[in-house]
Amino acid sequence: MEHAYPADELMPLTCRGRVRGQEPSRGDVDDALGKFSLTLIDSLDTLVVLNKTKEFEDAVRKVLRDVNLDNDVVVSVFETNIRVLGGLLGGHSLAIMLKEKGEYMQWYNDELLQMAKQLGYKLLPAFNTTSGLPYPRINLKFGIRKPEARTGTETDTCTACAGTLILEFAALSRFTGATIFEEYARKALDFLWEKRQRSSNLVGVTINIHTGDWVRKDSGVGAGIDSYYEYLLKAYVLLGDDSFLERFNTHYDAIMRYISQPPLLLDVHIHKPMLNARTWMDALLAFFPGLQVLKGDIRPAIETHEMLYQVIKKHNFLPEAFTTDFRVHWAQHPLRPEFAESTYFLYKATGDPYYLEVGKTLIENLNKYARVPCGFAAMKDVRTGSHEDRMDSFFLAEMFKYLYLLFADKEDIIFDIEDYIFTTEAHLLPLWLSTTNQRISKKNTTSEYTELDDSNFDWTCPNTQILFPNDPLYAQSIREPLKNVVDKSCPRGIIRVREESFRSGAKPPLRARDFMATNPEHLEILKKMGVSLIHLKDGRVQLVQHAIQAASSIDAEDGLRFMQEMIELSSQQQKEQQLPPRAVQIVSHPFFGRVVLTAGPAQFGLDLSKHKETRGFVASSKPYNGCSELTNPEAVMGKIALIQRGQCMFAEKARNIQNAGAIGGIVIDDNEGSSSDTAPLFQMAGDGKDTDDITIPMLFLFSKEGSIILDAIREYEEVEVLLSDKAKDRDPEMENEEQPSSENDSQNQSAEQIASSSQEVDLVDQESPEESSLNSHPESLSPADTDNAASISPSEQNSNPTENHETTSLDGECTDLDNQLKEQSETEEDSNPNVSWGKKVQPIDSILADWNEDIEAFEMMDKDEL
Ligand code: DMJ
């Protein structure tokens, strides 16, 4: 309130408010900011939980007096719903509770509810699609259609974005009697349910809002999907509608079957759910143990939570993403509350004081590493402890609330929290809404529901009295086998197990390390082995094996060995060649070092970690792709040349700009919309030849970051940047150049606007298919890329979640784990002498799904290439 109000968010390093349009754009993250005092609205019910009733009363008055919901600004429908609509409804829920008590809020006359309704109507135009799935963004003033709206052209949205509305919209309908909101949210959920992948019962991460086609077919419980599942279960709790529970149970069964690999939760493909789609997990999935508590499935909740806690103990915070062997994958941490949320629910379910210790650690780490004079600052990199000038509104809405509740006794809270349900943003909605204004016609989905025959549901509807009768040691007994899972972790040994599973020691006719994508003989061998080569539109090359397409069963087995060698080679090279992210910092007026863009390193040229940074003005090269001698050497001489990705090898571009006298180069991705927020770090590989002749530094920017520089040139012409291994604090030189109005800022710490960085290395420079070779870029192949993995992944060898858990319940000894897995694999083979070939026969629906996917992929490629 002191430094930022009425801005949407606090910038805790520079002690001022973040006002959209006045700060350099951070991309999608800024879509939460609607110039509607976001943090204040998001914090309303936190104040009541913390027993700050007087402050709540003042805050409500401020919201009513100051907040305008009619701004000409494009906001995220999802974020506005969960944070602003949810915040207003949570505030209203507690305002009427207080009013009824007779002391505070006596003047209150549903004003927050009226604002909520106004906002609800503003969001409704987003649902004007044939599917009923909402557009991802809307202009608060102009809606979707009007020319001034500057939105409405999007085709895709995330599943969570379309499936996380029902609690707020139904509450709004039931509070006001206006049924339209609940109807729209139900329609979107009905559509998603219809579109679930029917054989796996999973949903993808993004969906086309017009056609209903899955755009991203990977599926997990974290980013992009998380709160869709949460809202199905909670909609059942709040609205008492069985169809939501049935849907949730169907999905939950699929999640436990395919995604849950205790203690891990790993993304899979919806059509091929036995195939992992990633080798890393994101921080958002940390909410899932909390949801499992609500569902009553405590054991896996304890296991996953324990694993996450150990990752936190290692890095002080949960990195945005981390690998299956618990290395940092994206180092950022924006003070997300999901782990605190799960800790709270696990404590409620088990009463185990261990979870209080966990909460204490969280608080200590926040105070030690994130607390700054004006607030709490997000971690830019959990490894270095560097900060971002950012404090998202969910920090007060959720983190404070859950941590307070974890330690609060019943009498510390002035109302009974059990009478409310938490939305995904931890806003409180009263359960009595379930019996109010129930006028919505419910779709009868029961006929579609197949009774699930499994034990996941034995404990549905948790009841602490029944689940843990006088047994405080229950949770401990589940945690015990996992106590060293992170510290003594090692790669999961899958590859070795797979190799062992062949036991013959035979080598494939073509070794992975010898493979050249340009060698026709090699391509012929690949074909025989049922391996096809796909050039992805982002420049990577993917190898896929369909055992069934191999010339014979022996060729198919050779293909499997080849794929496994390639996987191993790839992961080895990734580890060996992994370089940390670099930074491109704009230092000229009016940025003065505040804009720092996460850049990918190059495996050639000047190593910025060993040399002083390179500083210079930027100039675009001609030709822009830098693939031939530059026609504008005078323009790039002594400058940092901008070049577009594509058409030739990175090293060739570097040589051409170096010859023209450039002192450095920035390659900008030609894949429109790519961003370091969403893509793993990209590392530029050499050309397989000696690159010692390249002496200038080269960095890579995704298109979003690249366009920040290009926009700056358009606006200011002279743009000076610093290429370095990490962002430099704004130095005296920059400060001297600063405008008088910003003088105060220069006293403060740096205000870097770093996009999220990632540790995953994408070595691929498959710029020209003719020059590409998987030998030098094998990282494009991951277990997820191999169809054959489906037939041999541990999860399929053992698809029963419980047994799978037994196999992977790590006791900290890598060798033990490997042996366990190996033994299991051998046992299974021994029991069936024909299993090697027989196991690879795919069921017909999975073959059809494969075909459809491949056809879609090729159709997509044709379109893109044309
Ligand atoms: C919150 O805004 C909500 O919890 C949302 O569902 C996803 N996560 C963020 C905080 O991490």
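Positions of Cβ are set from backbone N, Cα and C atoms, glycine also.
Where the annotation comes from TrEMBL, it is an automatic prediction and has not been curated.
Here's what TrEMBL has on this protein:
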| type | residues | note |
| --- | --- | --- |
| ACT_SITE | GLU79 | active site, proton donor |
| ACT_SITE | GLU320 | active site, proton donor |
| BINDING | THR424 | Ca(2+) binding site |
| DOMAIN | 621-707 | domain 'PA' |
| COMPBIAS | 724-733 | compositional bias 'Basic and acidic residues' |
| REGION | 724-841 | region 'Disordered' |
| COMPBIAS | 746-760 | compositional bias 'Low complexity' |
| COMPBIAS | 771-802 | compositional bias 'Polar residues' |
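Annotated features taken from TrEMBL, shown on the structure.
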residue: GLU79; record: active site, proton donor; CB count, 10 Å: 23
residue: GLU320; record: active site, proton donor; CB count, 10 Å: 24
residue: THR424; record: Ca(2+) binding site; CB count, 10 Å: 26
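With a CB cut-off of under 6 A applied against ligand 1, the recorded positions GLU79, GLU320, THR424 are reduced to THR424. Each residue contributes its Cα atom, and for GLU79 (active site, proton donor) and THR424 (Ca(2+) binding site) those atoms are 11 Å apart. For the domain 'PA' (621-707), DSSP puts the residue distribution at 19 helix, 16 strand, 52 coil. You'll find the Cα of the residue listed as 'Ca(2+) binding site' roughly 18 Å from the Cα of GLU320 (active site, proton donor). Reduced to three states, the DSSP call for GLU79 (active site, proton donor) is helix. The average per-residue pLDDT of the prediction over the domain 'PA' (621-707) is 90, rounded to a whole number. In three-state terms derived from DSSP, the residue listed as 'Ca(2+) binding site' belongs to neither a helical nor a strand segment and is classed as coil.
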